[in-house]
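Right, one structure below, let's go through it.
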Amino acid sequence: MWIQVRTMDGKETHRVDSLSKLTKVDELRVKIAELFNVEPERQRLFYRGKQMEDGHTIFDYNVGLNDIVQLLVRQAVAATVLPKDKEAELSDSDSGCGSAQSESDKGSTHGESDVQSAGASGQTDTADLIDPGFGFYKINEFVDARDLNMGAWFEAQIVKVTKTPAEDGGAEDIVYHVKYEDYPENGVVQLRGKDVRPRARTVYQWHQLEPGMIVMVNYNPDDPKERGYWYDAEIQRKRETRTQREVFGKILLGDAGDSLNDCRIMFVTEIYKIEEPGSAEGPGASSDSPLKKGSNGPECKVCKDDPKKNCRVCNCHVCGIKQDPDKQLLCDECDMAFHTYCLNPPLTTIPDDEDWYCPDCRNDASEVVLAGEKLKESKKKAKMASASSSSQRDWGKGMACVGRTKQCTIVPSNHYGPVPGVPVGTLWKFRVQVSESGVHRPHVAGIHGRSNDGAYSLVLAGGYEDDVDDGNEFTYTGSGGRDLSGNKRTAEQSCDQKLTNMNRALALNCNAAVNDKEGAEAKDWKAGKPVRVVRSSKGRKHSKYSPEDGNRYDGIYKVVKYWPEKGKSGFLVWRYLLKRNDEESAPWTRDGKERIKKLGLTMQYPEGYLEAVAAKEKEKENKNEDDIEETPTKGKRKRKSQSMEEKSSPTKGTPKKMKVEAYKLSKEQKALIKDDELNKKLWDEAMESLSLGPRFVNKVEEVFLCICCQEVVYQPITTECQHNVCRECLQRSFKAKVYTCPACRHDLGKNYQMAVNKPLQAILTQLFPGYSSGRC
């Protein structure tokens, strides 16, 4: 097993070979020290957001084959620092991450006192007006103030009036210091005279409204049917019917010239006159104007602020009863309120903690693993056979233990028949690669299936002495009857097999009724369910049809019959006769071998495997040379033989590149591609890969990948911007009120018609048969 180790800045990456799942983090540090010249004490290793600590194995952190572990080098510690202080210093400075606030910051109230004083002054609505001697407005006067970001008007009060030099060098400008009544957290805001005006107080009657008038209206740009904020608007037209009155206007968004045209004003009875500067009638007129607090609508859209209605949104999230506000806690995560006596268990007093989280939002601190702490015990791994085994054998070096690095998503796991893009004769070095390709999903088990559905694939590895392999047909022995306790992979037959689990699944593939007593034979065996067959090199000693190395996909077979009999071990076993039923030639035939050459099929290795093997061989050669030099000899050292030199020296010249047979499209497929005019550019890109043979299918998969689900598009919607998305994915996006293309954010509009691209769906179904299963 091998992994990649990369520095945090990404500048240096090295492969660490000869690892096991049981390799300790301490041992890994030693190997990293040799490659990066960094002492183990200065190494901080991270994998998937977790800091790897000594005492654990890489299996504890679920590190997979060829995965990347990040290395952060600690700064060299000064010699004067005591060892007990070392850890405390490294926690913040070396990681490059900021820690919590300092004590001085926590105790600081700078910035809050101004807001609190502003809020306190806001409570004195009856304060006397003070004339500053310049400007239209007095201190403590109620006005309407514009928010410069939104362009909307809000109720405010002037707290200070000052002068500032004009930008053009003319007369001094007057600056009004105002605070918004409903938003005290904004503090005091400085505004020019054009952004402040007397509090609106005059409501226009219907007959007074005329096109071209500039008025003040309530409008919600996000949801026009709901109550929003107050904007200036120019009336464009009005219409009156027997049942309703409608006003349409242009919403003015500040002085920048931005506007929203032809907007329907929902609240026609709340259209206000814009007061001119200096037109305030007196101190009481502004504060008692119709435009007062609450004019932006009820705070709770569920209960409409009805005090008689219970509401779990604006009040206690458990009982919803509007009482005891002094005994309510507000969750700092979800902003929901909870009565102290409604919690489970109930609280007798309000907690002193600054932050409080409800039971749904709270994270259990005991389950959080902090940097420098050991991992918590995993219940799942505690149940594994390896956890309770007393064996000292290192089981973590096998390729069956490394886990998949990718997963086949072209077809579902319960797919019958060939996997698109995997021709007969495909070779893999390890079983885990067969699993990644989707041909045979289990890493170790010989049969993949479901006892209530059937078997999808099997591996012929010569594991049972009763197996007989004749190439186009073979007799297969079922699974079970062996004691595999203690994490064993194989054992001698120790009891009778039963027609259950995978044995029953394989029996369901036979075109005959299931008989768990005597077995059954199909009258028309070709009508049975197909089984993908993989032959392993482990069966080479029993069968000449097995590959010399690795695992080979040999095509589709079908179950002819199955029956119980006494095996060579003396126990009852279930036998299955399978015959080949595939259009592609078998890989051991002349035609099959020629096809393999034409398709350019060679052994497939895991990523980084060849480099790891080469490095291991080089290390072994260097070690042998060192041993020879250290061995005392009387004469001169013998010269290497010619055969050894040829073996060690690299092959001269580049190997001749084999010509791969091009992928052939049927006339129907070519016609469908031609009909898909919307994706002509993408098809032109994909068609360039026809010369690569089976890799053409992989190219099509890459080109027509849905950006949302990362699978081949199903029921594809080709958008205006020439992107393809699954209809279900786009519907989910629209349901979340996101009306843009998931790929480029082009605005599709709320009423976008989702028409399925039928030619594209048809060609994808032919290239990837069965990929639509489970996606309806």
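Note that Cβ sites are derived from N, Cα and C of the backbone, with glycine treated the same way.
The domain 'Ubiquitin-like' annotation in Swiss-Prot covers 1-78. Here the domain 'Ubiquitin-like' (1-78) is broken down by DSSP into helix, strand and coil counts: 15 helix, 25 strand, 38 coil.
Swiss-Prot lists 93-102 (among others) with the feature compositional bias 'Polar residues'.
Sequence annotations record features per position, and here Swiss-Prot assigns compositional bias 'Polar residues' to 114-126 (among others).
If you take the C-beta of C314 (site 'Histone H3K4me0 binding') and look for same-chain residues 6 or more apart in sequence within under 8 angstroms, you find E299, C300, V302, C303, D305, A337. The site 'Histone H3K4me0 binding' annotation in Swiss-Prot covers C314.
P325 (site 'Histone H3R2me0 binding') falls within a helix when secondary structure is assigned with DSSP. For P325 (site 'Histone H3R2me0 binding'), no same-chain residue lying six or more positions away in sequence has a CB closer than 8 A to its CB. Among the features that Swiss-Prot reports, site 'Histone H3R2me0 binding' is placed at P325 (among others).
Taken from Swiss-Prot, the feature site 'Histone H3R2me0 binding' applies to Q328 (among others).
Counting residues 6+ beyond its ends, the region 'Histone H3R2me0 binding' (331-335) has Cβ neighbours under 8 Å at 355-358, 360-361 in the same chain. Swiss-Prot lists 331-335 with the feature region 'Histone H3R2me0 binding', giving similarity to another entry as the kind of evidence.
As a whole-number mean, the pLDDT of the domain 'YDG' (417-580) in this prediction is 89. If you look up Swiss-Prot, you'll see 417-580 marked as domain 'YDG', on the strength of sequence analysis.
The C-beta environment of T477 (site 'Required to confer preferential recognition of cytosine over thymine'), restricted to residues of the same chain at least 6 apart in sequence and closer than 8 Å, consists of Y464, D466, D467, G567, V573, W574, R575, Y576. In the three-state DSSP classification, T477 (site 'Required to confer preferential recognition of cytosine over thymine') falls within a strand. If you look up Swiss-Prot, you'll see T477 marked as site 'Required to confer preferential recognition of cytosine over thymine', on the strength of similarity to another entry.
According to Swiss-Prot, the feature site 'Required for affinity and specificity for 5-mCpG sequence' maps to R489.
Per Swiss-Prot, phosphoserine is recorded for S649.
Cβ contacts within 10 Å of Q328 (site 'Histone H3R2me0 binding'), excluding its own Cβ and spanning all protein chains shown: 17. DSSP states for the region 'Histone H3R2me0 binding' (331-335), grouped as helix (H, G, I), strand (E, B) and coil, give 0 helix, 0 strand, 5 coil.
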